[in-house]
C-alpha cells in the first residue's frame, strides 16, 4: 500500500509508475497547463498525464521544463488520438507529441480509445516505439475485457497499463479482476466523477469519520483497490489537498460501502459505442 506521493507500482516490465499523478484533461493550453504542472511537481507529484486531443501538450512541456526537477524523476504519459490510429499514422503522431512536449522520450504512451478495427495496427506501432527505446511503457485506455482479449491474440508485448473511467459509480469489477490476472495495471481517469459524488451521503459520512474530504476518500479508495489515480485540478490548494491521502486508511467496511455505490454509470462515452 502506497504511503507517500512518491511511491510507485512496478509494471510488468519492471518500470516503476507513481501511484498518484496529475491529469490535465480540459486544462487550457498555455499558462493554465504550465502553472498546474509546475504546482503539482513543486508539491511532490512526479506523474503527469496528458494526451494529444487535450491540445495542451505544449503547456505541459513548458511546465515540466520550468519545474526544475530532473526529467528522469518524472513519469510523463500521453495518448494517441482516434484519427491518428493505424501503424504509420501512430508513429507520426507520437513524434508530434514528443515535439510539443519538448521531450526525448515518454514514460507511458496509450491508445486513447479502442474504436473498431485499427487498434491492432496502432499497437504494433507502440510495440516498435517501445523496442526502439522511445517509450518506457506502453498501454491502452478505455479497453474493455473483450478488446484486451482480442489485442492479446496478436500482441507481441502485453499492455502494461489500461487507463479507464473508474469511480464509485463505475467500479469496473470484472475488468479489474481481468487486468489483475493479466498483470495489466489499472489506472483511473475521472476518479472524482467530475465532482458529481462530492455531496454523496455515504461518502460524506465516511469522510467525516476520517476527518477528510470526500475527494480524498475516493482517491484513497482507488489506491486501496490497487488502482493508479490521476485527479485533475488547476488550483494549487486542491492539487495539494487531493494528494493528502497517505495518512489514513479506509476500513474494509468503508471499502464495501463505497463499492456498493456502483451503478455502472459513466460520465464519458461507452467504449463499445465510440466507434470510428
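Placed from the backbone N, Cα and C atoms, the Cβ positions cover glycine too.
Copied over from Swiss-Prot, here are the features:
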ACT_SITE  54  active site, proton donor
BINDING   112  substrate binding site
BINDING   190-242  NADP(+) binding site
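Here residue 54 (active site, proton donor) is positioned 24 angstrom away from residue 218 (NADP(+) binding site), judged by their C-alpha atoms. Cβ neighbours within 10 Å of residue 218 (NADP(+) binding site), excluding its own Cβ and spanning all shown chains: 28. If you take the C-beta of residue 197 (NADP(+) binding site) and look for same-chain residues 6 or more apart in sequence within under 8 angstroms, you find 167, 168, 169, 203, 214, 218, 261.
In the structure shown, the C-beta of 190 has more C-beta neighbours within 10 angstroms than that of any other entry among the binding-site residues 190, 204, 211. Look at the residue listed as 'substrate binding site': DSSP puts it in coil. Around the residue listed as 'substrate binding site', the same-chain residues at least 6 positions away in sequence with a Cβ under 8 Å from its Cβ are 51, 52, 53, 79, 80, 81, 82, 141, 142.
In the three-state DSSP reading, the residue listed as 'active site, proton donor' counts as helix.
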